Amino acid sequence: MALRVPAIPFTFVAHTLGIAALVLVLVWNIHFRGGFAWEAANKNLIFNLHPLLMLLGLIILGGEAIISYKSLPLKKQVKKLIHLVLHALALALGIIGIYAAFKNHNESGIANLYSLHSWIGIGVIVLYGIQWIYGFLIFFYPGGSPILRSECMPWHVVFGLLVYVLAVANASLGFLEKLTFLESSGVAKFGSEAFLVNFTALITILFGVFVVISVLSEAPAPIEDDHSYSSI
């Protein structure tokens with residue numbers, strides 16, 4: 001059931017939190033972790049791409065794709081295209097981000113897929129891909145009949161939100177896992193870097209919360225609507 005409040009204020013808060021989370025993860029990896037690289041003697045620079053790409057992709061762009069219907073007073077077809085493209089970019093960045101983690105592990109002699117974070121991460125990227133393909137085929141091209149779209153839409157919304165919530169939860173788990181490794185290597189438990197990582201995780205969670213709230217709130221009236229089915 002939708003909340004009887006306008007979605008627009010929540011989407012503005014979500015945009016702000018998304019920018020804040022991105023800035024914080026950049027500060028963390030550039031100021032504390034030495035920056036980014038695809039090829040480097042210091043393999044940690046390769047891994048630094050992982051949290052950046054995963055946050056920017058699945059969390060921020062994925063969240064923006066979800067709330068695009070609630071923040072853009074545009075025609076439905078335009079919003080559908082924006083929704084589709086943003087999710088495609090999120091999926092692409094997520095795949096590259098996961099590959100960066102594998103690349104770092106392989107070049108550093110570290111085992112892959114040994115943690116709960118990695119298991120959930122693989123599951124999320126697979127489910128995200130399935131959701132995107134499903135949405136593309138049913139709602140974009142070749143597109144299902146109005147009845148099929150109407151029947152599929154609730155499942156598309158619920159499944160999409162579940163995958164997104166799982167992605168946000170796993171991002172938080174990833175921050176915790178990385179910080180645990182860093183503290184085991186000498187990073188102060190109450191130091192500025194630890195504080196920054198924990199604060200970034202909190203901002204990420206809040207961003208996810210406002211994405212979900214915006215979806216459950218009332219969207220502005222669209223420019224045109226065929227009323228064949230409702231969209232997120």
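Glycine is treated like the rest: Cβ placed from N, Cα and C.
Caution: TrEMBL annotation is automatic and unverified by curators.
Taken verbatim from TrEMBL:
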DOMAIN    13-216  domain 'Cytochrome b561'
TRANSMEM  12-32  transmembrane segment
TRANSMEM  52-69  transmembrane segment
TRANSMEM  81-102  transmembrane segment
TRANSMEM  114-141  transmembrane segment
TRANSMEM  153-175  transmembrane segment
TRANSMEM  195-216  transmembrane segment
Are there three or more C-beta pairs under 8 angstroms joining the transmembrane segment (52-69) and the transmembrane segment (153-175), sequence spacing 6 or more? yes
Which stretch, 12-32, 52-69, 81-102, tops the Cβ pairs under 8 Å count with the transmembrane segment (195-216)? 12-32
Same chain, outside the transmembrane segment (52-69) by at least 6, Cβ under 8 Å from its Cβ: which residues? 7, 11, 14-15, 18, 21-22, 25-26, 29, 36, 79, 82-83, 86-87, 89-94, 96-98, 100, 121, 124-125, 128, 160-161, 164, 167-168, 171, 174, 204, 207-208, 211, 214-215, 219, 231-232
On average, what pLDDT score does this prediction assign to the domain 'Cytochrome b561' (13-216)? 96
